[in-house]
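> I am attaching a structure below and will ask some questions about it afterwards.
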Amino acid sequence: MTGAGFDPATTAADVIIVGSGAAGSMAAWSLTKAGLRCLMLEAGRDYDPQAEVNMMAPESDAPLRGASTPDKPFGYFDATVGGGWEVEGEPYTMREGTDFRWYRSRMLGGRTNHWGRHAPRWGPYDFKPFSRDGLGVDWPIGYDDVAPFYDRVERMIGVNGGRIELENHPDSPPGCLMPPPKPRIPEMLLKATCESMGIPVRTAHTAVITRDMPDKVAPRSACFNATPCGRGCTIGAMFQTTTSFLPMAKATGRLTIVTDAMVSKVLMASAGRAEGVEYVDRKTGARHKVKARAVIVAGGTCETTRLLLNSGDKPGGLANSSGQLGRNLTDSTGASFRAFVPALAGRPRYNEDGIGGQHVYIPFWLYQEQKRGELDFARGYHFEIGGRFGIPPAAALPRVWGADLKKAVRTASGATIGMTLRGEMIPNKDTWCEIDPGVKDRFGIPVLRFAFRWSQHELNQVAHGQRTAHAVFKRMNATILDPELPPEKLITAGGEIIHELGTARMGADARSSVVDSYGQTWDVGNLVLMDGAIFASGAHKNPTLTILALALRASERLAARFKSGALA
Amino acid sequence: MTQSRRETLQWMMAAAALPLARWSPPANAAAQRTPPPFDVIADWPATLPALPPTKGYGRDPDLMAPRVPWPLTLSKAQRATVDLLGDLVLPADAQSPGAGTLGVGAFVDEWISAPYPIQRKDREQVLGGLIWLDAQSRVLHGATFDSITPGQRAVLLDALTVATPAAGMAKPVAFMDTLRHLFVLGFYSLPEGKADMGYIGDEPTPGDYPGPSPEALTHLTAVLAGLGLAAS
């Protein structure tokens, strides 16, 4: 789907955009609409969901019944192609004692082709964490600065959801959200159980449309309540940039996309001004230089950071006078809890597919207790909820054989519930990424080396989550399927939740941060970062909606600077 | 990422993989172990045929035309024994055929022939177990597993389906645990297996999601009452 735009050999681009994921595609749509010519460089291959997504095939059509493998970690039919936890010839390394996972999608549309679609707004506390608990740093902007962009992004990408009406969980103004789907039976049981215990359960905000979104170029149809969203969506019900922003931006005639273009460094015209970038053609190994009046880097948090660390003429990399580049890396915490609920055994069957993921979730609810000092961790977490008809997990089946096993499967199908924790990690001094001085990828580009450590805050947080989940399960007389574990064994590895953030954080001044609130690097005026790297903290709320809102805000600022002649 | 992938199979497998991979079960006290109903236990095979050099499907396979690129490695006799076991562990009844009759042996063959870490580990258990099963049948009855009587097979399967095996039975019981899980996955992921579970779905339903049926809601009302919970 890359196709024709303008020819970069004869026509100069106004803006180079590195990366075609959430932020890069938002930038392409916003800037081309504003009349600017954009040259997008994507490290991965071209990708067309219409031709490549096998939406309806049963898992039994796939090798190993679609089970997760190192080649396809989220299953055979998963949308991620040419990437995953490892990419051939493109390693990353770790400091001793570190266990970090780095998920890379090498494809047009990046990680929006497979993402969780849980799209909560961040709240006022999430932008001012230091003011609240003295840890980390505040953002230079607050909720009120971002809210108008949340309003617009929710309408642009299509988000369904309901009201939350809880502290630090802002509700959307009327007209922003599409109607949410009805909850399923296990979700209703969980809601009744939790609310009897003072734990709120609310309709989730999910980037799946429940009403058609007509468009001349990229029409999207309302979800038809079937097929796994992780495969990608040929009807465009799930937001991914390959069925929305990218075709829309291309239709302006002002977007040219080059795929298999691995950007190796930012080229400089002078100390404070970028000239363009150098990229390697992944198929031929040839190096190319392209120029523009501004460069946007949105290659994904760690890839963006790597590019800057590998650029410039100083040992610390480009735009790093603060020394913060590569520091403050965070991921979300993760832990999973499951139970067999005898009361649900053999329950009446109905179509429980719905819109794919959870219809309801548990937002963090303990801000007052935390403020009073009653919790042994800072920051919050939420639970995402699972539990559907299907093959029961092995742990929910008795050790029997013969007719009894068949009966047991029928009984247990639909009778398990899962609560999956996602929580905020606070940046710490032992967690960062840097250039490995001794290792290069197959293109000769130095690779990243990670150091990662959870702090006691995160460990205490998942321990609290375990106590909460187990208490909920016990209240519904359920059998807990996993052993009670110490938090170090319970918590996911760094990077495993694929929410890397913070390695080129924004701030109020050049001394303590890499970029301003518009992603503009303090050191290089026409170099703008737009992905999760610029986050000043992680929150427990999934980051993509905020990445999109900040990218829209930054793109409009950049267009205004073009208009005012600031980038002439 | 969230775990909101709809596909139940994938969710369950992912959920199963995460916490348990980090957990080792405590050693059971010897006193609690269940002895098998026979005195002589065959040795677990010392060596197993290696997996021939082969490749997986890669990070960018053709999703529209899925195929298994690795060669299958079970012998005809082994495949037949797996199908026989499939029809014993998940037998035909009024709701569905037996797993072996549906060809679960082909799935197990595909699984244990795959060049991925989990499948390689399962291969050791399944191949070792099939050899052990014939050896133990010979020890007890002088014939391989496919030639002994249904009653004799049942005694063996009972001995392989205990929670806390005696020392010499640990590996054979682990073999049956693995095989049973593979049978469940292989059988219930097929249309016949889904129908057996009464699964409804996998079909486009345009318009607003209708939500639970009246029967399902009535059942939930009773569940909530039984738990002393108010509907919300």
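For all residues, glycine too, the Cβ spot is worked out from N, Cα and C.
Since this is a predicted model, take the numbers as computed values, not measurements.
Below are the features listed in TrEMBL for this protein:
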DOMAIN    A:14-44  domain 'FAD-dependent oxidoreductase 2 FAD-binding'
DOMAIN    A:141-331  domain 'Glucose-methanol-choline oxidoreductase N-terminal'
DOMAIN    A:440-551  domain 'Glucose-methanol-choline oxidoreductase C-terminal'
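Thinking about packing and proximity, how do these listed features fit into the structure?
Same-chain residues lying 6 or more positions outside the domain 'FAD-dependent oxidoreductase 2 FAD-binding' (A:14-44) and placing a CB less than 8 Å from one of its CB atoms are 6, 8, 82-83, 105-112, 153, 241, 244-246, 248-249, 252, 254-263, 276-277, 279, 282, 290-300, 303-304, 307, 530-532, 544, 547-548, 550-552, 554-556, 558-559, 562-563.
The average pLDDT the prediction assigns to the domain 'Glucose-methanol-choline oxidoreductase C-terminal' (A:440-551) is 98.
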> List the helix, strand and coil residue totals of the domain 'FAD-dependent oxidoreductase 2 FAD-binding' (A:14-44) as derived from DSSP.
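Here the numbers are 12 helix, 9 strand, 10 coil.
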> For a three-state summary based on DSSP, what are the helix, strand and coil counts in the domain 'Glucose-methanol-choline oxidoreductase C-terminal' (A:440-551)?
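Its residues divide into 35 helix, 18 strand, 59 coil.
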